[in-house]
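Enquirer: This is the structure I have questions about; it appears just below.
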Amino acid sequence: MSTAGKVIKCKAAVLWELKKPFSIEEVEVAPPKAQEVRIKMVAVGICGTDDHVVSGTMVTPLPAILGHEAAGIVESVGEGVTTVKPGDKVIPLAVPQCGKCRICKNPESNYCLKNDVSNPQGTLQDGTSRFTCRGKPIHHFLGISTFSQYTVVDENAVAKIDAASPLAKVCLIGCGFSTGYGSAVNVAKVTPGSTCAVFGLGGVGLSVVMGCKAAGAARIIAVDINKDKFAKAKELGATECINPQDYNKPIQEVLKEMTDGGVDFSFEVIGRLDTMMASLLCCHEACGTSVIVGVPPDSQNLSMNPMLLLTGRTWKGAVLGGFKSKECVPKLVADFMAKKFSLDALITHVLPFEKINDGFDLLHSGKSIRTILMF
């Protein structure tokens, strides 16, 4: 029996309040309005950004259905939708691509003005929600809310992908892999023969390592306080791995001594102010580029001496690795299908969706890189 045009009742993980476990609830998902798409989710990854919301580091309206790194199949479409149809395999896009705003028209940027990151409303682009639970509206997250068996997204926030692609793997292209890999190849523009330092070896950090290797870096120094992550980092391309706790001097000084004054490219992939500064300081004062990849704590500021930049350093950041989402995600999936890169090393655990809280426990313990939840 077709569900098109009808309210769907399904299971979703609702975050009712900060620093509490997710609650598996029955929610009602309204049909898509014009220019919207309803998706049946198949696989979703647990990303550190979701955990930043739970901890209060990243602010979004609650109660909400989180999740933003996923893949699924189109269930139905609203009026006027032309880029996807029911049955298509798709990846929802946490950063949309409307194609019309000044940012979408700028070849150097991907931070579409339709995003729900800068000033999160917790709704779709028309300002309303498609979710209700216990008779109350539930907020969306980044416009896609993938911790639900069904979700509704705007058409400019979904990309059709290869019909043969394995959704349990390519879901990582929705955030973690693209964010890390693109930070190296698009944002920093790592050059052949260069020296790189990567702070933080979670799924995104390891994807940065992969990007640095693909770009031809000669040295890739991986930095983490969890030495259990070093073997995987070396497998993916790190040439050296160091633990700041093994030294009695600041890690930026260690890195500068190792690299004749500083690395060419550094990446902070944790989301801490102290490591953002260490990452900046470890890149060469005359020619180094440091990229902020990790989501910083809300409402906290860094203070720094502008002389650090005057001498020639570049300090920059980007979301989703600088990729224009709707056009680049399908290309990345095609590259994966062509075996240009593998995602297997990033996936350490696969759990049923109902065990979402166990997946977050694995993240907190440092035992997982990426946990995939299957619906």
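Glycine is no exception: its Cβ is also placed from the backbone N, Cα and C atoms.
Okay, these came from Swiss-Prot:
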type	residues	note
BINDING	Cys47, His68, Cys175	Zn(2+) 1 binding site
BINDING	48-52, 200-205, Asp224, Lys229, Ile270, 293-295, 318-320, Arg370	NAD(+) binding site
BINDING	Cys98, Cys101, Cys104, Cys112	Zn(2+) 2 binding site
MOD_RES	Ser2	N-acetylserine
MOD_RES	Ser23	phosphoserine
Enquirer: Let me know how many other Cβ atoms fall within 10 Å of the Cβ of Cys112 (Zn(2+) 2 binding site).
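Expert: Other Cβ atoms found within 10 Å: 24.
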Enquirer: May I ask which of the binding-site residues Cys47, Asp51, Lys229, Gly294, Val319 is closest to Cys104 (Zn(2+) 2 binding site) if we compare their C-alpha atoms?
Expert: Val319
Enquirer: Within a 10 Å radius of its Cβ, which of these binding-site residues (Cys47, Cys98, Cys175, Leu201, Val319) has the fewest neighbouring Cβ atoms?
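Expert: Looking at the binding-site residues Cys47, Cys98, Cys175, Leu201, Val319, the Cβ with the fewest others within 10 Å is that of Cys98.
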Enquirer: How many whole Å apart are the CA atoms of Cys112 (Zn(2+) 2 binding site) and Val319 (NAD(+) binding site)?
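Expert: Checking the Cα atoms of Cys112 (Zn(2+) 2 binding site) and Val319 (NAD(+) binding site) gives a distance of 10 Å.
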Enquirer: Fewest other C-beta atoms within 10 angstroms of its own C-beta: which of the binding-site residues Gly48, Gly294 fits that?
Expert: Gly48
Enquirer: Within 10 Å of Val319 (NAD(+) binding site) (Cα-Cα), which of the binding-site residues Cys98, Cys101, Cys175?
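Expert: Taking Cys98, Cys101, Cys175 one by one, the ones whose Cα falls within 10 Å of Val319 (NAD(+) binding site) are Cys175.
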Enquirer: Please identify, among the recorded positions Ser2, Cys47, His68, Cys98, Cys101, the one with the smallest Cα-Cα distance to Leu201 (NAD(+) binding site).
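Expert: For Leu201 (NAD(+) binding site), the spatially nearest of the recorded positions is Cys47.
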Enquirer: Enumerate same-chain residues with a sequence separation of six or more from His68 (Zn(2+) 1 binding site) and a Cβ-Cβ distance below 8 A; give 'none' if the list is empty.
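Expert: Set apart from His68 (Zn(2+) 1 binding site) by at least 6 residues yet with Cβ under 8 Å, we have Cys47, Thr49, Asp50, Pro92, Ala94, Phe141, Leu142, Ile144, Ser145, Thr146, Gly174, Cys175.
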Enquirer: Looking only at DSSP and grouping its letters into three states, which state does Lys229 (NAD(+) binding site) belong to?
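Expert: Once the DSSP labels are grouped into three classes, Lys229 (NAD(+) binding site) ends up as helix.
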Enquirer: Using Cα coordinates, what distance in whole Å links Gly294 (NAD(+) binding site) and Cys98 (Zn(2+) 2 binding site)?
Expert: 25
Enquirer: What does the structure give for the C-alpha distance between Gly48 (NAD(+) binding site) and Ser23 (phosphoserine)? Integer Å is fine.
Expert: 19
Enquirer: Give the sequence-ordered set of same-chain residues, not counting Cys47, His68, Cys175, with Cβ within 8 Å of the centre of the Cβ atoms defining the Zn(2+) 1 site.
Expert: Gly45, Thr49, Asp50, Gly67, Glu69, Ala70, Ala94, Leu142, Gly174, Gly176, Thr179
Enquirer: In sequence order, which same-chain residues at least six apart have a C-beta under 8 angstroms from Lys229 (NAD(+) binding site)?
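Expert: Once residues fewer than 6 apart are set aside, Lys229 (NAD(+) binding site) is near Leu201, Gly202, Leu206, Ala222, Cys241, Gly366, Ile369.
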Enquirer: Counting Cβ atoms within 10 Å of each candidate's own Cβ, which of the modified residues Ser2, Ser23 comes out highest?
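Expert: Answer by Cβ density within 10 Å: Ser23.
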Enquirer: Of all the binding-site residues given, Cys101, Cys104, Val204, which residue's CB has the most CB neighbours within 10 A?
Expert: Val204
